[in-house]
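Asker: This is the structure I have questions about; it appears just below.
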Amino acid sequence: MHVEDSSSLLDVPVLKLDNTSPPVMITVSRSRSLYKRLNNDIKHRLAVCSLSLHTSDHSTSNLLRDVEPVVFAVRRGDVKAVNDLATSTPLSLLKENKDGWIPLHDAAFCGQTECLKILLKAHPGTVDKRTLQEQTALLLAVSCEHLSCVRCLLEAGADPDISSKNKETPLYKACELENVDMVSLILSYGATVNQRCGQGWTALHEAVSRDNTEICEILTSAQATINPSNTYSVTPLIVAAQRGQMRALCYLIGKGADVNMQTCDGITALHEASKNGGKESVAVLLTKHADANKPDNSGLLPLHIAAQYGHHEIVSMLVSVTSRARLRHSCVSPLHLAAEHNRHTVAAVLLKTGVDVNARLASSHSMQYADRRATALYFAIANGSTKTAEVLLNAGASLSLDPVSPLLMAVRQGCVSTVSLLLDRGADVSARLPSYATTFPAVVALCMNNLPLLKCLLDNGCDALSCFSCTYGCAPHSTTSGSDIRTVGNNGFVIQNDNMLPFNCSGMSERETQFCEWMSTSVMCQWAGPIIDLLLEHVGNIQLCSKLTELLDSREEWLAVKRKSLSPRPLMHLCRFRIRTQIGRHRLKSLPSLPLPDRLIRYLSLAD
C-alpha cells in the first residue's frame, strides 16, 4: 500500500460547491481526507508490526479502534499533522480515551513539546485537564522528566499544585525523581512548597527519604517548613533517622529541626535510629541533646528498643545517658527484651553495666501472661534462647523467682540443651506444675514422647519410681479415675473437661493424677511401651499396676517390656540403682568429677 508523504496532506481534492454552500464544508471535506490518509498510515504501520509480532488481524483492528489519528500523530511527533488536525478538526483534540486522556496528555507523556504548544494554542483551557486518575499534563510531563514540556505547560498557566488521585503533586514527583532542575522550575512558578500529599507527606519528607540535601536546600530556601508532620506526626527528621540518611539528618539538625518531636505513638528520632541500628545517627542525635529518657506511648525508652533489636553498640551508648529511675519504673527492663528476642550480646553488655540479672517484670505486665513469668531467664527459655539463658545464669540468675519453674518451661519447649544447662545449674527436677497436680514428676508428663529428653531428666535424678506407685495396684482401676484427663497437646497443654489448661497459675486441680492414668489418655497410650521401658532402666524391682499391664498387653511388640518388669533385675543394674540412690539426685551431676576409673564413671552415669 502506498502512503503519501505528509507534506501532501493539505493537497486535498475539494468538492465543487456553489456560493450558497456553507464554507465549513470545505474544512470537513479536507479533514475527512486527512483522517483517511492518517488511517492508511496507521494501517500500514500496524500491518508491519503485525507481521513482525505474528499478531492476528483481530488484534490489529482493536488497536485501530483505540488510537485516534491525532494521538498517533502526537506520539510520532508529526508536528505538521497535529497542526493540520488542530486547524481542521479542533474538537478531535478534546476526545478522551478510556483512561480519560486527551491528546494533550499524550504529548506531555511522550515529551513532544512542539505538539504540546499546538494543542495548548488550540485549546488553552485544557492545560489543567485531568485524566480518570486525576493526572494533569504537567504531572505526566514531570513523571517522565520532560523538562521542556514542563516549562511549556507552566508558561501556559498550568497549576503546579493539582494532585493526582494518589495525592502526588508535580513538586512531590520531581523530588521523588531527584530532578533538581525540575524542582527549581516548578517552585519558580509558585508551587506550594508545604503542600501535603499522600498521608500528609510533604516534598521535604520525600527529599529527605532520598537523602538529597541539594533538593532539601532548594525546598527550605523556598520557605519549606523544617518540622512538618505527616498524618502520623512523623517529621522529616524522624524519616532520616529511620532510614539512616546521615546527610539529610545533619542538614535538618543544622536547620533547626526539633530532635525531640514525637509521633502520635510517642516515637522520637532517637527511637527510630535505635531500632534500625543507626549508630552514627544515634551519636549525632545525642550530641544535639536528643532526650534518651523520653518514653513512647508503650513506656519504652530508646534503650529498650536498641536492646530488643540487638544493637549492642547503641545499647552501650544509651546506657550512660538513660535514667536508672526511669528504667525502674518501666513495665519491662531492657534485659527482659534482650532475653525475649535472644540478644545474648546485648544481655552481656547490659549485665556489665550493672543491670540486675534478677529484676522482675512489673506485676501489671506479668499478669498478661498465663504463667505469670517474671524474670529475664524465664523469658529467654520460653523463647528458646539457650545462649542468652547461659549468659544470664553465668551472671547469677536465680531459678526460683518465677511462679512456674524455668525447667518446666524448658521441658515443655523440648530443648535438651536448655534442660541440660538448667540441670547443671541446680534446677529442681521434681518441680511441680502449679495448675496440674500429679503423683509423679511433672517433667515426665511434659516430656510427652520425647525419649531423649526423658532420659536426660532420668539420668539427672528424676524420680522414676513414683511413676509406678498406684493406689489401685493389681486391682481393677475405677472407671471414674482419670476421667478428668481427656488428651494432651504437643505443646504440653492439658485438656481437662474439654477445656485447654495452659501453663498457668490459676490453681491446682482437685485431685492428683497418677502416671497410669496419664499414660491411659488417648494421646499418650500409643507411646506407653517405649516410655515404660525407659523408666524401668531407672528403678529396681517393681510391680506394674493392672492399668499399665493392660497397656503393655495391647501391643505384641511391648510384651518384652512386660517381661522385663516381671523378671528380677540383673545384679549389676540393682547395684547401680542402689549407689545412685545413696549418692542422691543433687550430687549426681558430680559423678564425672569422682576419682574413679572412666569405665566405672560411665557405668554409674548410665552411659553404657
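Our numbering is plain: 1 for the first residue shown, then up by one each step along the chain.
Backbone N, Cα and C define each Cβ position, glycine as well.
Pulled from TrEMBL, these are the listed features:
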| type | residues | note |
| --- | --- | --- |
| DOMAIN | 558-608 | domain 'SOCS box' |
| REPEAT | 133-165 | repeat 'ANK' |
| REPEAT | 166-198 | repeat 'ANK' |
| REPEAT | 199-231 | repeat 'ANK' |
| REPEAT | 232-264 | repeat 'ANK' |
| REPEAT | 265-297 | repeat 'ANK' |
| REPEAT | 298-330 | repeat 'ANK' |
| REPEAT | 330-362 | repeat 'ANK' |
| REPEAT | 372-404 | repeat 'ANK' |
| REPEAT | 402-434 | repeat 'ANK' |
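Describe the structural context of each listed feature in the structure shown, including burial, neighbouring residues and relevant distances.
Answerer: Beyond the repeat 'ANK' (133-165), the same-chain residues lying 6 or more positions past its ends with a Cβ under 8 Å from any Cβ of the stretch are 99-100, 104-105, 107-113, 116-117, 120, 124, 127, 171-174, 177, 179, 181-182, 185-186, 189-192, 195, 197.
Non-local neighbours of the repeat 'ANK' (166-198) in the same chain are 133, 136, 138-139, 142-143, 145, 147, 150-151, 154, 160, 204, 206-207, 210, 212, 214-215, 218-219, 222-225, 228, 230; each lies 6+ residues outside the stretch with a CB under 8 Å from one of its CB atoms.
Assigned with DSSP, the residues of the repeat 'ANK' (199-231) fall into helix, strand and coil as follows: 18 helix, 0 strand, 15 coil.
Here the repeat 'ANK' (232-264) returns a mean pLDDT of 97 for the predicted model.
Residues 295, 299-301, 303-304, 306-312, 315-316, 319, 373-377, 379-380, 382-385, 387-392, 395-398, 401 of the same chain, all 6+ positions outside the repeat 'ANK' (330-362), place their C-beta atoms under 8 angstroms from a C-beta of that stretch.
In terms of DSSP secondary structure, the repeat 'ANK' (372-404) contains 16 helix, 1 strand, 16 coil.
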Asker: Taking helix as H, G and I and strand as E and B in DSSP, count the residues of the repeat 'ANK' (232-264) in helix, strand and coil.
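Answerer: Helix (H, G, I), strand (E, B), coil: 17 helix, 0 strand, 16 coil.
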